[in-house]
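A.B. asks: Copying in the features that TrEMBL gives for the protein in this structure:
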type     : residues : note
DOMAIN   : 49-92    : domain 'NADH-Ubiquinone oxidoreductase (complex I) chain 5 N-terminal'
DOMAIN   : 108-386  : domain 'NADH:quinone oxidoreductase/Mrp antiporter transmembrane'
DOMAIN   : 393-572  : domain 'NADH dehydrogenase subunit 5 C-terminal'
TRANSMEM : 50-79    : transmembrane segment
TRANSMEM : 91-108   : transmembrane segment
TRANSMEM : 114-132  : transmembrane segment
TRANSMEM : 153-176  : transmembrane segment
TRANSMEM : 182-205  : transmembrane segment
TRANSMEM : 217-237  : transmembrane segment
TRANSMEM : 243-265  : transmembrane segment
TRANSMEM : 272-292  : transmembrane segment
TRANSMEM : 336-357  : transmembrane segment
TRANSMEM : 420-442  : transmembrane segment
TRANSMEM : 454-474  : transmembrane segment
TRANSMEM : 558-574  : transmembrane segment
């Protein structure tokens, strides 16, 4: 028990110290503009040098600082959340292995050495998703790892294409990759899309909610899902003026809109937050495809703070209400869990881009820069609708879980008395309030020049207010009026099921092969193969031995007949 209690505390202290160290060094590198690159040459292969590379610049160090901070908070939080679990230590080691894989991925600007972290993330995330050994976890884990394997194959193909350059160090070569390298850029885009769950690989992100909630707070805020965005940030120079930019823009905008739409029809608390993560990943990749990698990185860091906090608040709520996640069975939590609800409200407001919260500084700037860019009308409308939908599902979540009617069972034990969980959320709560302002001061000492009309400038706040009102009022109506959605059930099912993507990613991909396998089993394995195989031979030899046995058991007359027939045959053959 002493080791079980102390492990999360030691891990938290070590990770927070490393976070502080990385943060201080990263900020100093912003001021000085210095970048350190460490290379270990492994061997030469046909004029290509195989090296293991580590890059220490302000981007990697600041990202590592946030990863360590959130990992330390999550591990300390897990000390209470997973306290009754029999394999508590195994869980802690898996989380630490996940952090190590993320560190290798972030610090490596080389496609060869990045594979250590990239594949490590996929493998450990699979082990964490199937941590609760049941059928739902196994299915979610298989969907997660197979979706990510597509990206791993794309990385391997990119390594093959880059071999002609003589090096796999994309940090130095990305400035010189023109349209002749379009296939390489497409493969890298596919690998980023699989890790960051963009269309058509979006189904695995909500499915991965089968993992324990501390894993969700770590994986779906600052680690696994942001790996693809981070890779695209590193490759952003190669995307300039490329066709890949246009493809990535429309895919990320559609993902952003689809996730916001699906979250408004979802009732699982963790899946709503996962879909909000998916929407924000679309925001990051869309602004990156417009050429603003620094804004994508800014939103990546600020989003990590409040989204980890939101998952941790959801974990406390799920822990308190008895383990179920349906928001329809919650309600009026503000009277019973004021501190947790306060943190949850802070993170929800930051997600909506409420003025002067962490999400406001990055999200508002992204939207204004996007409105100022030369994007087409479809992308503009998707941006506007996704912004409104974000506020809408947030207000819906607040209505059902925080401010609505009390719908909990009598067995629920609601309180804020678990100090280990609430204390672990305090640092992230401060980050969700002040993190955006501090980051904007550090990353953007010189302001962006925004030149918009008054209508476009007010567009974001108008859409947000309208989305919030509609989201809250619609759910009040759903309590007092008959359900209208059943009259158009097909459209509602399409919008609420992520455009049928989970079914298309699982059943439809395997349906033809499963049906053909069933037919083969019926016709061949249990049909003709049996007729001409085991059963048929058994029938043939059984009849043959029956005849021979009858011959042996009968009288001498049978043997005489056989002898006469044999002699006649020989005589005919002789003449």
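Here, residue 1 is simply the first one shown, and the rest follow in order.
Each Cβ is built from the backbone N, Cα and C atoms, and glycine gets one as well.
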A.B. asks: Under DSSP, the domain 'NADH-Ubiquinone oxidoreductase (complex I) chain 5 N-terminal' (49-92) has how many residues in helix, strand and coil?
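C.D. replies: Output for the domain 'NADH-Ubiquinone oxidoreductase (complex I) chain 5 N-terminal' (49-92) reads 29 helix, 8 strand, 7 coil.
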A.B. asks: Would the transmembrane segment (272-292) and the transmembrane segment (153-176) count as touching if the test is at least 3 Cβ pairs under 8 Å, pairs 6 or more apart?
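C.D. replies: Counting Cβ pairs under 8 Å, fewer than 3, so no.
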A.B. asks: Quick test of the contact rule: Cβ under 8 Å, at least six residues beyond the ends. What residues does that give for the transmembrane segment (336-357)?
C.D. replies: 276, 280, 302, 305-307, 309-310, 312-314, 316-317, 320, 363-364, 367, 387, 390-391, 394, 397-398, 401-402, 414-416, 422, 425, 428-429, 432-433, 436-437, 460, 464, 468
